[in-house]
Amino acid sequence: MAAQVYNVLSEECRVAINRIASHELHVSDAYLSMACYYSGETREPPFATFFEDQAEVKREHAKQFLKYLRKRESKICLPVIKRPDIDNWGTGVQALESALELENTLNKLLQDLKTLASEKHDSDLLHFLGRFLDKQKRNIRYLENQVGYQKELETLAQEESLSEKPAETSGKEA
């Protein structure tokens, strides 16, 4: 069985792939932090499991990008991305919005690499990217739905708490 020969990866694509791998690790760390923040709560939100799963998935994606660089005999040089400063993820909506922002940034990086790979006529890279772009779209849709759902729940809870308060009297005696 002959080894498959790949054309040399362009420098721009190599840099972009390193950036994506680094961002995948960054997102993985953020998801792990979110999952740990919500674990142990008596009523753990349903999206906490998503955060925990995505921490592993994103780390695996980073490995796949690094393996791809090795396969294409390209240098691995991950840029440093500062870890999230957030220790308190706040309400579920805040955590979901943070996750959505991270996923949208990652999606933009992937889309930019896809455009670059098209310009460089790198069909192998385009094929490789296909599986990640589909997963990104699904994650973004899931998070958008969860943000909407959680906001709706918060609104209903606020309305319910307002309706349970006794009516205030005007101070006049009847």
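Our numbering is plain: 1 for the first residue shown, then up by one each step along the chain.
Quick reminder: no glycine exception, Cβ is built from N, Cα and C everywhere.
Note: TrEMBL annotation is automatic and uncurated.
Straight from TrEMBL, the features:
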type	residues	note
BINDING	GLU24, HIS61, GLU103, GLN136	Fe cation binding site
DOMAIN	7-154	domain 'Ferritin-like diiron'
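Counting residues of the domain 'Ferritin-like diiron' (7-154) by DSSP class, helix then strand then coil, yields 113 helix, 0 strand, 35 coil. Within the same chain, the residues at least 6 positions away from HIS61 (Fe cation binding site) whose Cβ sits under 8 Å from its Cβ are GLU24, PHE132, listed in sequence order. Residues near GLN136 (Fe cation binding site) in space but far in sequence (CB under 8 A, at least 6 apart, same chain), listed by position: GLU103, LEU106, ASN107, LEU110.
Mean pLDDT across the domain 'Ferritin-like diiron' (7-154) comes to 91 in this model.
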